[in-house]
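Feature list (source: TrEMBL):
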| type | residues | note |
| --- | --- | --- |
| ACT_SITE | B:D67 | active site, proton acceptor |
| BINDING | B:H63, B:H65, B:H140, B:D211 | Zn(2+) 1 binding site |
| BINDING | B:D67, B:H68, B:D211, B:H269 | Zn(2+) 2 binding site |
| DOMAIN | B:18-209 | domain 'Metallo-beta-lactamase' |
2 protein chains.
Amino acid sequence: MDIQFLGTGAGMPAKTRNVTSIALRLLEERGAVWLFDCGEATQHQILHTTIKPRKIEKIFITHMHGDHIYGLPGLLGSRSFQAGEEKLEIYGPKGIAEYIESSLRLSRTYVNYPINIHEIEEGLIFEDSQFTVEAKLLEHGIPSYGYRIREKDTAGPLLVDDLQSIGVKPGPLYKKLKEGETVILEDGRILNGRDFLGPEKQGKIVTILGDTRICRKSEELAADADVLVHEATFGVADEALAYEYYHSTTSQAAKIAVRANVKKLILTHISARYQGNEADILLKEARDLFENTFVAADFSQYSI
Amino acid sequence: MDIQFLGTGAGMPAKTRNVTSIALRLLEERGAVWLFDCGEATQHQILHTTIKPRKIEKIFITHMHGDHIYGLPGLLGSRSFQAGEEKLEIYGPKGIAEYIESSLRLSRTYVNYPINIHEIEEGLIFEDSQFTVEAKLLEHGIPSYGYRIREKDTAGPLLVDDLQSIGVKPGPLYKKLKEGETVILEDGRILNGRDFLGPEKQGKIVTILGDTRICRKSEELAADADVLVHEATFGVADEALAYEYYHSTTSQAAKIAVRANVKKLILTHISARYQGNEADILLKEARDLFENTFVAADFSQYSI
Ligand SMILES: [Zn+2]
Ligand SMILES: [Zn+2]
């Protein structure tokens, strides 16, 4: 599992940072990429990565501001020009369906794959055998969601050596034991599968937040996460501006990381006012409170 | 007057060619830039030019396909972050108003300048003391306009030497003569201003066409133009494809240039199938019929 930043700027594109989009690369886990937000020119950024648009299985929109959605119609259209007709699921706030519908209709864009649009509310918005995704509303003036992506724990491996040492040979029984069932051997012995499984593999937790002021819900979504992606539109000196515009500072993001006990904090949505090595100052401000912090750049990638 | 190409590709962005946008730079003439089409990431391309978004006075949309309009909401939003509240006029086919209205409304984008949207039909769509713009429908499956931008001729300079040689001294009379009026001198002589004006300065004609098959209306719009911008999505070998998809080939564009007696032909909207020096082949195909042809690249600029 990797996370790759396609755009790390705030509000408007700049030469060095495009507007927001983040790819959660689940290629090993499910041969798919999940996108979080899709600012203008996200499809252009993707051209410079190894991501194939048709591998994008889900798109989660945090909020309806233009710098988070204006790349959606173009990406949906271009995805249609590739082989394959894999379904696409889109999750986002109320309004996202009308935005997509009107943009595609007015531009006469007919895609060759099904699109399911889910206008979400707080709570569990997706679950399958591998993952759950939970959403909560943050504080941004307009509805802005944070997402907690949780990979399910997977059962440990069957302890084959232990079974053979007590004389249980490989066969159909092994399958039942691996699933944790209780079986009765021909000699009358009763074995509980759970006694023959190695330790569970713990699933990863990734928390990706939309634009927000520092708030309690961020902390809840990020609890014990392996990675927290938090906006840091401003540096510490501009805390008043951050509050006024419903954004966060570096150190506010770090506070959430500390309180939520996350393993790694990645800052994004950096205002264009911070150029070149000013990003180092932002990084230092956050690291003063939470050591394992990084400031994302466009195209930077972190394994999880 | 200059024309600068911001995107010269077809359908989808590629690494070397962005989707369509063309800037007619009228900085000397009126301190303004007119944009023709606004594909996704046009505002990103503009970052790499000297164009200031607030200098964009008018945007003409040729047709509603996504590769010609998806950059509009982002550009309108970003234009608002600059000083100045200059009005913006947008011209385009039916549907353009709903597209802009819904994109801005759903993304909560409030611009700080007035936007007038004109859903046009064929005919004269703009006229002031300097320019006229005429639109005609081309052949593209959906309504696609071509635009003929005509700079008005300007009166020649007053021939001051001639006037002084017949004893007419500088004074308020000169202004009337310069405007071509007839005046009576104190000594009773009658002078017609038109006899004392140098040759008129002929205004330029620029024709910028939307996506189209080869068609008669293109020829009409381009008659005697200084510059004709014509799409050439395909090379000669793919004439059947060009017809099927309502596009043109290099040599069809050149035929229009010949028939319309233009001075210069610039080809754009080049399919991504033509990479690197294949553009040279496209150029040669057109030049075989019309010598003064150029194939535009992103950011290439021509003075008119
Ligand atoms: Zn934002
Ligand atoms: Zn096109």
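Heads up, residue numbers simply count up from 1 along the chain you see.
Cβ atoms here come from the backbone N, Cα and C positions, even for glycine.
Just so you know, TrEMBL annotations are computer predictions that nobody has curated.
A quick note: this is a predicted structure, and the numbers were derived from the prediction, not measured.
Features per TrEMBL, on structure.
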{"residue": "B:H63", "record": "Zn(2+) 1 binding site", "Cβ contacts under 8 Å, 6 or more apart": "B:P93, B:H140, B:I142, B:P143, B:S144, B:Y145, B:G210, B:D211"}
{"residue": "B:H65", "record": "Zn(2+) 1 binding site", "Cβ contacts under 8 Å, 6 or more apart": "B:I142, B:D211"}
{"residue": "B:D67", "record": "active site, proton acceptor", "Cβ contacts under 8 Å, 6 or more apart": "B:G9, B:A10, B:G11, B:M12, B:V19, B:T20, B:G39, B:E40"}
{"residue": "B:H68", "record": "Zn(2+) 2 binding site", "Cβ contacts under 8 Å, 6 or more apart": "B:V19, B:T20, B:D37, B:C38, B:G39, B:I61, B:T62, B:G210, B:D211"}
{"residue": "B:H269", "record": "Zn(2+) 2 binding site", "Cβ contacts under 8 Å, 6 or more apart": "B:T8, B:G9, B:A10, B:T20, B:D211, B:E231, B:A232, B:T233, B:H247"}
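In this structure, of the binding-site residues B:H140, B:D211, the smallest number of CB atoms within 10 A of the CB marks B:H140. Close to ligand 2, meaning a Cβ under 6 Å from one of its atoms, are these of the recorded positions B:H63, B:D67, B:H140, B:D211: B:D67, B:D211. The Zn(2+) 1 site is set by B:H63, B:H65, B:H140, B:D211; from the centre of their CB atoms, other residues of the chain with a CB within 8 Å are B:T62, B:M64, B:H68, B:G141, B:I142, B:S144, B:G210, B:T212, B:Y246. Sequence-ordered, the extra residues of this chain that approach the Zn(2+) 2 site, with Cβ no more than 8 Å from the Cβ center of B:D67, B:H68, B:D211, B:H269, are B:A10, B:G11, B:V19, B:T20, B:D37, B:G39, B:T62, B:H63, B:H65, B:G210, B:E231. When pLDDT values are averaged over the domain 'Metallo-beta-lactamase' (B:18-209), the model yields 95.
Proximity to chain A, taken as a Cβ less than 8 Å from one of its Cβ atoms, holds for B:H65 among the binding-site residues B:H65, B:H140, B:D211.
According to its DSSP assignment, B:H63 (Zn(2+) 1 binding site) is coil. Mapped onto three states, the DSSP output places B:H269 (Zn(2+) 2 binding site) in coil. DSSP gives B:H68 (Zn(2+) 2 binding site) a helix state.
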